[in-house]
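Novice: According to Swiss-Prot, the protein carries these features:
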{"type": "MOD_RES", "residues": "1", "note": "N-acetylmethionine"}
{"type": "DOMAIN", "residues": "1-45", "note": "domain 'LEM'"}
{"type": "MOD_RES", "residues": "8", "note": "phosphoserine"}
{"type": "MOD_RES", "residues": "29", "note": "phosphoserine"}
{"type": "REGION", "residues": "46-222", "note": "region 'Interaction with F-actin'"}
{"type": "MOD_RES", "residues": "49", "note": "phosphoserine"}
{"type": "MOD_RES", "residues": "54", "note": "phosphoserine"}
{"type": "MOD_RES", "residues": "87", "note": "phosphoserine"}
{"type": "MOD_RES", "residues": "141", "note": "phosphoserine"}
{"type": "MOD_RES", "residues": "143", "note": "phosphoserine"}
{"type": "MOD_RES", "residues": "161", "note": "phosphotyrosine"}
{"type": "REGION", "residues": "168-186", "note": "region 'Interaction with CTNNB1'"}
{"type": "MOD_RES", "residues": "171", "note": "phosphoserine"}
{"type": "MOD_RES", "residues": "173", "note": "phosphoserine"}
{"type": "MOD_RES", "residues": "175", "note": "phosphoserine"}
{"type": "TRANSMEM", "residues": "223-243", "note": "transmembrane segment"}
């Protein structure tokens, strides 16, 4: 606790931000409380950290001036620090979250391939080694994705023609080229060009029963054309006789 008394208000605020401890302005009345929180945090962190990295995980006050400018550049996982500070009693069932997985202290690790992935943030000697490990894992994941993309088959325009000719083969093009019903990959491009040209030649009308307009005009009517002309002449003659008799009656009143 006496080590924190030599720190200035700015240095104490930097420690609070580094450990992700909620705090307000550092004044005379709240300074003692913040020093106690930092002391409890570092004590519990040294107790929970592995023995091999207990010295490296503790914060060295001699390097405070050198790391003051880099305090805002990188931070330890905030979830880890928040859970560490908010855990009541600081019991062994404490969850520490890194960028990759969640680890429970006080419980045995499950055997399997996930053991290599589960790593504590405090196992690294410093933050540079941690970020170097994160960078290596990112490069490994990106290289694996590139390998998966290379293994995926590439489908071009010929594959689309192959599916069309497979489900809708043209009979004329098949018989003329003497090809099998199921096309192969080597003859796909040749069949696509030949089928596209010959399919227009062998296409039939959608409604072949429909004829051109006026082709069967006389057959569709009930009365033939000569019968209609005959009826028209008879009607004209009848009108002519009616008109003639009407004129004769007007000329001879008796």
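Cβ atoms here come from the backbone N, Cα and C positions, even for glycine.
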Novice: Fewest other Cβ atoms within 10 Å: which of the modified residues 8, 29 wins that one? Let me know.
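Specialist: Among the modified residues 8, 29, the lowest count of other Cβ atoms within 10 Å belongs to 29.
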Novice: Sort the residues of the domain 'LEM' (1-45) into helix, strand and coil with DSSP and give the three counts.
Specialist: 33 helix, 0 strand, 12 coil
